[in-house]
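**Student:** Pulled these from TrEMBL:
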type	residues	note
DOMAIN	10-102	domain 'SH2'
DOMAIN	274-533	domain 'Protein kinase'
BINDING	Lys305	ATP binding site
Amino acid sequence: MPDAAAHLPFYYGSIARSEAEEHLKLAGMADGLFLLRQCLRSLGGYVLSMVCDLQFYHYPIERQLNGTYAILGGKAHCGPEELCEFYSKDADGLCCPLRKPCNRPSGVEPQPGVFDSMRDNMVREYVRQTWKLEGTENLTLHSPWEKGAVLRVPGLCPALGELQPGLEQQCWLQSQPTSGPFRGSSSWGCVGGAFSLSLSFAFATEAISPLSTFSSLLFQRNLGPLNADGYTPDPVGAGKSRPLPMDTSVYESPYSDPEELKDKKLFLKRDHLMIDEVELGAGNFGCVKKGVYKMRKKQIDVAIKVLKSNNEKTVKDEMMKEAQIMHQLDNPYIVRMIGVCEAESLMLVMEMASGGPLNRFLASKKDEITMSNIVELMHQVSMGMKYLEEKNFVHRDLAARNVLLVNQHYAKISDFGLSKALGADDSYYKARTAGKWPLKWYAPECILFHKFSSKSDVWSYGVTMWEAFSFGQKPYKKMKGPEVISFIEQGKRMDCPQECPAEMYTLMQQCWTYRWEERPGFVAVENMIRSYYYSIAAKPENGPGTGDKAKAALP
Ligand code: ADP
Ligand code: MG
């Protein structure tokens, strides 16, 4: 089971305070010697055990509702690793800065948590009772800390009865369990012939911890072997199934396998990387090439951003900044970085999204792509952006050219070249000077005050929606950047693209609210586009998978 600290060599898992002190004693009791262990009282939390002046100190680290980690009264950090890194530079209230990790002796693995199996069993029992599902003991629990979803079961939806052959529309039911071990909501979905169950709830068992939230649990029970293309065989034999994001190899991180996680490092070995001559794209920095990266148990397709060989230090620094940002992100709707490789030139190795940029794809498939397909893709982009907003990152270059497709029904956000991580207490990033900026995608406060926030990313999301719903056309026609600014200042906005549904144009207009204080955030945007997507997907003529104008497009 993934644990945000599992990969850290100084993480011991669920051990008692006395055991932590034994380890620190054995390692020499130097000032600043430290280790990390699981907190037995607050689920998802940790304890930092350390030494100063030959004394032990134990600081509880809470996992907060927004997913960040903090020592009581201290700054919030996006993960336990980042937290330890911070306190190694600055004591900021601790007895002294962290100086030396007390690593696990070789052969010692982190101790599994006492609640882990109890929690899994409670969730299984809940699923069995609430949804009248049998066989839940065979379900496997994935990524309990991550947003996402999904329990997949063969063609029987308890609330709908037997799945009708050919029924491929998406249908959703909400339930709000008020009793039992969980609070929150769950929903059933049926997409393209497979069912999924999303659970989003909090543990309400006082004995464990009333405050610990499990944002979502991901269960999976496969319907059967996937075929070579990653398509799910249709459980009812309707013969029209299409790949769901979770059926692809890039839905979960390649490091979600604990075996692979052991080797996770920022810098990759050159001899594990094979670089193809095929160029996927190019930019000022150099080019993006296709390749294969060899992991412990598997080989994965990758895209490699290669810096020009005679690269200057500033360009290298920029690529390393991009890598540092991507290193902290892990979401199905964001292109993940595998690592960087320093060899013949500096290379950034990423998951492959072979469908290429959204604008180019839509422009070339104008006659084949339905509106509901575009809504589906833009909903995925909103989920990726909601994740970024929650993690306190600003993208600053969201545009259809930077949304890459894994396949016709699966989009990921890419290009973090301009992105910034905001401080835990900051709601925006202030650029000192203007740079080479994509002005047509920028909100007024970016251009006027150099202020960038998730709200300004929402403005760019609106422009990206406009590009998508107009099948990859360029926004603001032939206008130049400065003309666009005065156009916006006059209260004007782009027109509704020809075939775009009114609801989607209304959402774009909301994204283009002049004052950022009044503009919706990504939580609201994702909610609106999701509601609309479900409403149209429930109509058979629009159902995903049934309404393609023609069956062609991407593999
Ligand atoms: P730039 O900063 O120059 O815009 P990008 O990161 O957007 O660089 O990459 C440039 C191009 O390279 C993209 O438009 C796309 O065609 C290709 N590319 C980048 N990343 C990937 C990827 N992960 N998978 C497939 N193609 C990619
Ligand atoms: Mg780009």
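One-based numbering along the chain as shown.
Keep in mind that glycine also has a Cβ here, set from the backbone N, Cα and C atoms.
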**Student:** Counting by DSSP, what is the helix, strand and coil composition of the domain 'SH2' (10-102)?
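**Tutor:** Its residues divide into 20 helix, 30 strand, 43 coil.
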**Student:** Give me the non-local Cβ neighbours of Lys305 (ATP binding site): same chain, 6+ apart in sequence, Cβ-Cβ under 8 Å, ordered along the sequence.
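**Tutor:** For Lys305 (ATP binding site), the qualifying residues are Phe285, Gly286, Cys287, Val288, Met319, Met347, Leu348, Met350.
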**Student:** In the three-state scheme derived from DSSP, which category covers the residue listed as 'ATP binding site'?
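**Tutor:** Where the residue listed as 'ATP binding site' sits, the three-state DSSP reduction gives strand.
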**Student:** Which whole number is the mean pLDDT over the domain 'SH2' (10-102)?
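**Tutor:** Within the domain 'SH2' (10-102), the model's average pLDDT equals 90.
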